[in-house]
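Colleague: Have a look at this one before I ask anything.
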Amino acid sequence: MGKFCCFTSASEVVGGQSSSRSGKGRSDEGMIKYGFSLVKGKANHPMEDYHVANFINIQDHELGLFAIYDGHMGDSVPAYLQKRLFSNILKEGEFWVDPRRSIAKAYEKTDQAILSNSSDLGRGGSTAVTAILINGRKLWIANVGDSRAVLSHGGAITQMSTDHEPRTERSSIEDRGGFVSNLPGDVPRVNGQLAVSRAFGDKGLKTHLSSEPDIKEATVDSQTDVLLLASDGIWKVMTNEEAMEIARRVKDPQKAAKELTAEALRRESKDDISCVVVRFR
């Protein structure tokens, strides 16, 4: 279990869990580098954003594991995902032959485990955006909620995740017996509570929510330069293009990640802010 868990070593981390932290790393060959930065928002609760950024070797393959988990109503669920989700994906027996199916199954099993342990984990929940890089050549990206993945390739910027919002998934929420509120001055919410339509956890709303991920793949080649994962603390105040401009311009990925979180603060983002920048060349 431990080899799948993706905490960065203390020598690579600056800051503490409660306020802000950043770090960096690279692949064994040193060709692919990553950096991350997390900053606590202005809300009066503990930091609810968690991340993964690590390279591991398993069965003669090098895997890059990157993720952002944005919790709500507590940090227990994103902390659980940080420890367990990638492990559960890689434990699927058919991962190496059918990554898409394995990722989908592991998302479902992990959500069921969270719901079964709600007495310990509470009734909160979390978004997730995960990226698995296989041997530096193939990317598998999955997400639930509004944490986002954006890829820069050949000068083009592509969003590799889907923002799961109540407004766009109203019909499926209503089919499950829920409703979408749309009060003046507020974003649409599931049953007047949750601003995302898919999430891990949220036991009290689960009958109206999905944890099924959207999954996309991409081939990494000489034209692929940057992958950016971030929570909505960035996306509420920056477009994909604005965020990627910083990620591409600042060549050191840790410095790029810190510049992104700093820019979100300058734009008065109130939420927890987190991002992982992966630079391929």
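Note: Cβ is positioned from N, Cα and C throughout, glycine not excepted.
Residues or ranges marked as domain 'PPM-type phosphatase' in Swiss-Prot (evidence: sequence analysis): 33-280. Swiss-Prot lists Asp70, Gly71 with the feature Mn(2+) 1 binding site. Swiss-Prot lists Asp70, Asp232, Asp271 with the feature Mn(2+) 2 binding site, giving similarity to another entry as the kind of evidence.
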Colleague: Taking the center of the Cβ atoms of Asp70, Asp232, Asp271 at the recorded Mn(2+) 2 site, which other residues in this chain have a Cβ no more than 8 Å from that point?
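Modeller: Apart from the listed residues, the neighbours are Asp49, Thr127, Asp146, Ser147, Ser231, Gly233, Ile234, Trp235, Lys236, Asp272, Ile273, Ser274.
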Colleague: Cα distance, Gly71 (Mn(2+) 1 binding site) to Asp232 (Mn(2+) 2 binding site), nearest Å?
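Modeller: Just about 11 Å between their Cα atoms.
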Colleague: To the nearest whole angstrom, what is the C-alpha distance linking Asp70 (Mn(2+) 1 binding site) and Asp271 (Mn(2+) 2 binding site)?
Modeller: 10
Colleague: Got a sec? Which of these binding-site residues, Asp70, Asp232, Asp271, has the most Cβ atoms within 10 Å?
Modeller: Asp70
Colleague: Return the count of C-beta atoms lying within 10 angstroms of the C-beta of Gly71 (Mn(2+) 1 binding site), excluding that atom itself.
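Modeller: I count 29 other Cβ atoms within 10 Å of it.
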Colleague: According to DSSP, collapsed to three classes, what secondary structure does Asp271 (Mn(2+) 2 binding site) have?
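Modeller: Reduced to three states, the DSSP call for Asp271 (Mn(2+) 2 binding site) is coil.
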Colleague: For Gly71 (Mn(2+) 1 binding site), which of the three DSSP-derived states applies: helix, strand, or coil?
Modeller: strand
Colleague: Can you check how the pLDDT averages out over the domain 'PPM-type phosphatase' (33-280)?
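Modeller: Mean per-residue confidence for the domain 'PPM-type phosphatase' (33-280): 96 out of 100.
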Colleague: Could you state the whole-number distance in Å separating the C-alpha atoms of Gly71 (Mn(2+) 1 binding site) and Asp271 (Mn(2+) 2 binding site)?
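Modeller: Checking the Cα atoms of Gly71 (Mn(2+) 1 binding site) and Asp271 (Mn(2+) 2 binding site) gives a distance of 11 Å.
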